[in-house]
Amino acid sequence: MLSINNKLKNLKLSTVKNLYNKSSSISIILVNNNNNNNNNNNNNNNNNNNNNNNNNNFISLSTTNLFNQKLCIESYKKVNYCKKKGGGNKNNDDNDNEKNEKNEKKVKNEKKEKNEKNDGNEKVEIVEDNDLIVPLSKELLQFDKPSNKRKDWPLNSEVVIYPSNSVNFIGTTGPINLGFQFITRLVPNASGKTFLGFFLCKDAYRNNNNQIGRTIDSIHNVGVLAQVTLSPSGIYHFETIKRIRIKEVQNGQFPFIASIEPLSNDERELKDPRIAELMTKINVLSLEYRKLYPDVYTINSVDFENQIEVIDNPDYYLAAVINYYGLNYPDECQKILETQSVVKRLEMLYHMILNEQPLLALQQKIAKDLDDKTTAYKNKLLLTEQLKKLKALLGNETDEKEKTIEKYQNKLSELTLISESSKKVIQDEIYKISTIDPSSSEYSALKNYLEWLTNLPWGIYSADYFDLKHSKMVLDSDHYGLEDIKQRILEFISVGHIKGTVQGKILCFIGPPGTGKTSIAKSIAKALKKEFFRFSVGGLFDESEIKGHRRTYVGSMPGKIIQALKITQTSNPVILIDEIDKIGKRNHGDPSSALLEVLDPEQNVSFVDHYLDTPYDLSKVLFICTANSGQDIPAALSDRMEIIRLPGYVEEEQIEIVKNFIIPKTFIDCGIKLDQLSISDDVIKQIVKFYSREVGIRELEKLIEKIMRKTALKLVNGTAERVDLTLDNLEQYLGIPSYTSDRYYDVTPIGVVNGLAYTKKGGATLYIESTSEEIQKPLSSLPPSQQQQNQLEPSIKTTGNLGDVMSESSTIAYTFAKNFLYELDPNNTFFSNHNIHLHSPQGNIPKDGPSAGVTMVTSLLSLALNEPVQNNLGMTGEVTITGKVITIGGVKEKTIAAKRSGLTSVIFPINNRINFEELPTYIKNDIDVTYANDYKDVFEVAFPNKKYLLNNLKTF
C-alpha cells in the first residue's frame, strides 16, 4: 500500500512530483529542499524555514496510463487519482508496453541525477502498493490512514456562482472574462486554489443581460466546479473538475456565494459494461457520420477519431463528444449534467447525436450544392477561355477587347464636331483600355467612361425655329393669361430671328404653386421646337448631382446637366431647373455654387463636369428656373437670371381656366361624355369663389375631378343617365363651401385695420388689431419719492407670430404714432397712460415683411383717437420714423386679395403707381386707389371725420 510516513510532514517541501505508468503502481515522490543553507545551520533557522516552507507544499499527478496526450492532456495532469496496477486497457499493444518501460527508466534516471546534483539535499522515498487508490491533496500531508476520501476542497466549501448561457462539462477549459464584481469575490481556499461554480441560466433569463443571474431562481441548481487561474498576461482561465449542486445561498446580493456539495459517480456503476458499450456505439456512430457527411466534418476529424478511442473516463468523454459535434442545446445538455447515472448520461448523449442526423444531412446538402456550383462555375470559366483561344487560333472571331476598342474608335470617328482637347482625351482612354486586362475592375470603369464620352452630342445642335405665329399659337393654346411671360418669349424669338441664332438664356419664373411655371417652360420648348429636360434641385445637398462624381469613386457618374445632354442628344435643349429656391446648403458642399458655374454665361462656355473632366459648351442651352419666392434664391444666382414673376390668377382668370382648360381635360381623363354632364357658368363661379382660395389652379382641378368621380358613380350605378350641376345640388358633390369671406368684420371696429400682404401662395388680407390697458397710478398716500418709483412706464406688446422685420416695424409705428398724435392733439395723453397690445390673427402662421408699417400706425391712432377706420379700406406700405411711406412689392397680388375680400378702396405708396397702372383692366376695375407720399395722406383717407386735426401738424 502506498502510504505517506509521518516524517513527510516535517520535510521542507517546495515541489512534489508523482510520476507513474500503467504497468506498475510505483510512485516516485521527489522531495526538493529549496533551502540553500548548509545542514549545519542552527536549529532556530531550521525551524523558521520549516514554518515558511510548509505553506508552499503541493502535489501534481500525471495519469498518462488513462488518456492519450493528444486530447485534454493538460486537464488530466491535474486529476488526483491513479489506478491499480493493470487497471488500464487490457488490449494495450506491445508499443504501449515499450513506452511504459522507457518511462520507468526515465524516471529512475531523473531520480539519480537529482540525488547527485543536490548532494544529498534531496530526499527520495519509493513506496509501492497494488491495492488502493491514494487521495492526493493538501490534506494528504495531515493523515496517515490511506482510507481517507479525496478532498480537494471541504464538502461544505463555499464558491462564487457564475451564471452562464451554456453548459460546461468536466474537462472543459478556456479563457473567461470576469467582471470586477466577480474578481473581488474570488478568494483562494485553504489549499491556495481559486474556484468558481458554473451554473446554466434558465431559458427565460438566458438572453437578457439585465436579468442574467440576478436572482438565484434564474439559474439551475446543478453545475460544475471550475478552478480559476490567472495567466502572466492577465487573462483568467478556467478548468472544470467536478459536478456540484447548490446546497444553500450564503448571501442575497449578486454575485451570489453558495455552499455546494459534490455529485460523484457511483464507483460500482463505473464497472458497468454498458458504459464501454455505449462509448463504443457513440464512436462507431461518429465514424459513420464522418463517412456519410464528409463535407461537414473535415477539420481535425482524424485527431478526434484517435482521441475518442483512448478516452475511458465518461465525464471527459462527454465533454469531448459534445464539443466536437457542437451540440448547442442548453436545456438538453443541462439534463445530461443533472443526471446522476453515468449510463443514462451516455444514453442521452447517444440519442442526442442520433437526432443530429437530419441537421447533418441538411448541412451536407448545402455544402455539396455550394461545391457543385463552384465546380460548375470553374468548368464554365475554363471552357469559355478554351473556346476563346480556339477561335482566336482559327481566326473565326476577334477578341472581345479588340471589338470594344474598334467600337469606340468608330464612334470617335463619327464625332466630327468635337473639340481637339476632348478628342485627345478619348484617344488616350482608348489606348489605356487596350493595355488593361478585361477582367480587372479598372477595365469596366474605363469602359463606362468611354461610353459617356462617345455618346454625348458633341457639337450637335437642333435647328432654331423662329416662327412668331406658331410660337404665339402654342403659348395661347396651353395657357390663359400670363401675358408678360408670353411677351418675353416672343421678344426672345424675335432677337434670334434677327441674329440668325439663339444664344442661351437663363429665365427664372417666380410665383405661387399652381400658377403654371413648369407647364409654361414645356410650352416654350414646344414653341421653339427644342428638346425638353426637367430636374428638381429642391432639398439637394450634394453638389455632385450638378457637377458629377469624380471617377475615383465606385459607381461614379456625371451630373444632371451632362445626363440631360445625353438623353436629349442635342447641345441646345431647354433645361428646366425646378424649385431653385429650395436648394440645400451645407458646410461640406454648396450646390448653389456649383449651379452658378452652370448658369453663368461667362463660365458655362467651358463647363467641366467632375466625371468627364473635359470642357463642354453649355452656352446654347436655354435654362429656365422656377421658384415660389425670390427671397430664398441665393443672391449670386438671382443676379445672373432674368426674373419673371407669375402673380397668380384673379377670379375672372380662374373661371376662364376652369371653363376652357380644366373641364375639357377632366372629361377626357374620366371618360365622361359631354352629354352626360353639364356645368353652368354660375356653378363654376361659385366653385372659384367659395371652394378655393389659392391663386393657382391645382385645388380647382381637384374639385372638378371630385365632381367627375361622383358623376361617374351615378352613371355606373344607374341612378342617373345625365347629371346637371346647379347651384342647388352643388353641395351634394362638393359639400359645404370651405370659404365664405376673407373679411372678419363687416363694420370695422376701433383699433382694427385691414392690411394687405404678399405670401408664397399669393396675396392675402392681414388684419392688425390693437387694444389698450390703462396704467394703474400709485396711491396718493405714498410719499412723492415712492410714487415716482412705483410709476409704471407705458409699453407695447406684440403677438401673432410676427417676424423680426414686423417686430421692428411695430416699434417704429409705436414711436411715430406717439409723436404724430402729440402734434395732432397735444391734450391727448392716451399713449402716456396706457399699455398697448398689438396683435395679428392666425398666430399659427408666421408673418414677416416690410409692408405693414402704415397699417400698424393706423391701428394705434384709431385706438388713441377712439375713431374706427373707414369701412372697405385696405392698405399696405412701410412707414419711416419720420412718416415717409416707402415702396412695397406684390401690388398685383395684393390688389387681387383686396378684390377677393370685397374691399373697394386701397392705399398704395406713391412709388407703386406704375405697378398698379400696368395691371389689366379687369383687375383694376371697382378699386379706388389712393397713393400716399407720407402718412398724413393715409390719415386723411382712413379717418375722414378727423381730417381737421391735420391743420395742427407742423413737423409731419
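Glycine too: its Cβ is placed from the backbone N, Cα and C atoms.
These features come from Swiss-Prot:
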REGION    37-57  region 'Disordered'
REGION    83-123  region 'Disordered'
COMPBIAS  91-123  compositional bias 'Basic and acidic residues'
DOMAIN    159-357  domain 'Lon N-terminal'
BINDING   G511, P512, P513, G514, T515, G516, K517, T518  ATP binding site
DOMAIN    747-945  domain 'Lon proteolytic'
REGION    777-800  region 'Disordered'
COMPBIAS  777-795  compositional bias 'Low complexity'
ACT_SITE  S851  active site
ACT_SITE  K894  active site
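Positions of the features from Swiss-Prot, shown on the structure.
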residue	record	CB count, 10 Å
G511	ATP binding site	27
P512	ATP binding site	22
P513	ATP binding site	16
G514	ATP binding site	19
T515	ATP binding site	28
G516	ATP binding site	23
K517	ATP binding site	26
T518	ATP binding site	16
S851	active site	25
K894	active site	30
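Within 8 Å of the centroid defined by the CB atoms of G511, P512, P513, G514, T515, G516, K517, T518, the record's ATP site, lie the Cβ atoms of F509, T626, N628, L646, G648, G696, excluding the listed residues themselves. Reported as a whole number, the C-alpha separation between P513 (ATP binding site) and K894 (active site) equals 17 Å. Taking the Cα atom of each, K894 (active site) and K517 (ATP binding site) are about 20 angstrom apart. Looking at the domain 'Lon proteolytic' (747-945) alone, the prediction's average pLDDT is 87. Across the fold, the C-alpha of T515 (ATP binding site) and the C-alpha of S851 (active site) stand 24 Å from each other.
Taking CA atoms as the reference points, G511 (ATP binding site) and S851 (active site) are 19 Å apart. Checked against S851 (active site) by C-alpha proximity, the binding-site residues P512, G514, G516, K517, T518 yield P512 as the nearest.
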